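TrEMBL annotations:
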- 49-296: domain 'G-protein coupled receptors family 1 profile' (DOMAIN)
- 33-57: transmembrane segment (TRANSMEM)
- 69-91: transmembrane segment (TRANSMEM)
- 111-129: transmembrane segment (TRANSMEM)
- 149-173: transmembrane segment (TRANSMEM)
- 214-234: transmembrane segment (TRANSMEM)
- 246-267: transmembrane segment (TRANSMEM)
- 279-298: transmembrane segment (TRANSMEM)
Amino acid sequence: MSLDILGLMKKEQDSNVTEFVLLGLSSSWELQLFLFLLLLFFYVAIVLGNLLIVVTVQVHAHLLQSPMYYFLGHLSFIDLCLSCVTVPKMLGDFLQQSKSISFSGCLTQIYFLHFLGASEMFLLTVMAYDRYVAISNPLRYLTVMNPQLCLWLVLACWCGGFIHSIMQIILVIQLPFCGPNELDNFYCDVPQVIKLACMDTYVVEVLMIANSGLLSLVCFLVLLFSYAIILITLRTHFRQGQNKVLSTCASHLTVVSLIFMPCVFIYLRPFCSFSVDKIFSMFYTVITPMLNPLIYTLRNADMKTAMKKLRIKPCGIPLPC
């Protein structure tokens, strides 16, 4: 969706800045080359891993009809798209002396980053609720988590992400920029961009904290509460298979923490930023999209069995046995 359609293009008379310079992760050519090779490997792993999950869930009807795998397919699709927002641009910048992004390109990156990021936060919260229903009320699980409810929950996640990202764009689009134009990051994000505005941004930063910071914190607390109830339920009612479920919950919480804690650190901290912020940003833009396929599928027997059943025909279309 272009920013022209959204009507969010900046008026030229409001700003002298037409592009932003990205300082990136390092100024050392040797380190940049090493990071390029490392992140290229990560990016290939992200694309192949998440694409494999999406194809596996879509091809096998019994997985697509299961709420857990239905949500997992959407999570992998979001991770696949999220990695494409920042990583290709970052890889290209590693091989260039000048690292810059146009004003409209910066707005586009902010829009899709927050659209996909917020949608993933909402979806992870929904997945925690799904696991809570499955463990606390297994006999009515499929009745409660019926296909219609699953569809509405996913649509709600996407709509929530859309509303959140539009609010972020509105915060930035009205600001005047007259220089400097250097962003101490490898991509465009609201905290760094609003600090370059040539006006008092106190109110804008408060709105950013209320929008992004509290969203991350509330979703994180809801997730922790959900998993706490799951663990209490397991300890009280179930014994058999408890260790396996506990291990799975611990793995899920690890990935969730890698997403939410950096977001809380960056967006909930008032009126200050540090160079270390871009390192924390790597967790939810690169690390977690790569880890999600490992945590949510390779430890899952059903997914591993379904992946083994995939066959590649000469035409290149994967089909089940």
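Each residue, glycine too, has its Cβ placed from N, Cα and C.
Distant neighbours of the transmembrane segment (111-129): 3, 6, 68, 71-72, 74-75, 78-79, 81-82, 85-86, 153-154, 156-158, 160-162, 164-166, 168-169, 187-190, 212, 215-216, 219, 222-223, 226-227, 252, 256, 259-260, 263, 284-285; these residues of the same chain sit at least 6 beyond its ends, with a Cβ under 8 Å from one of its Cβ atoms. When Cβ-Cβ distances below 8 Å are used as the criterion, the transmembrane segment (214-234) is approached by residues 118, 121-122, 124-125, 128-129, 131-132, 135-136, 164, 242, 245-246, 249, 252-253, 256, 260-261, 263-264, 267-268 of the same chain, each at least six residues removed from its ends.
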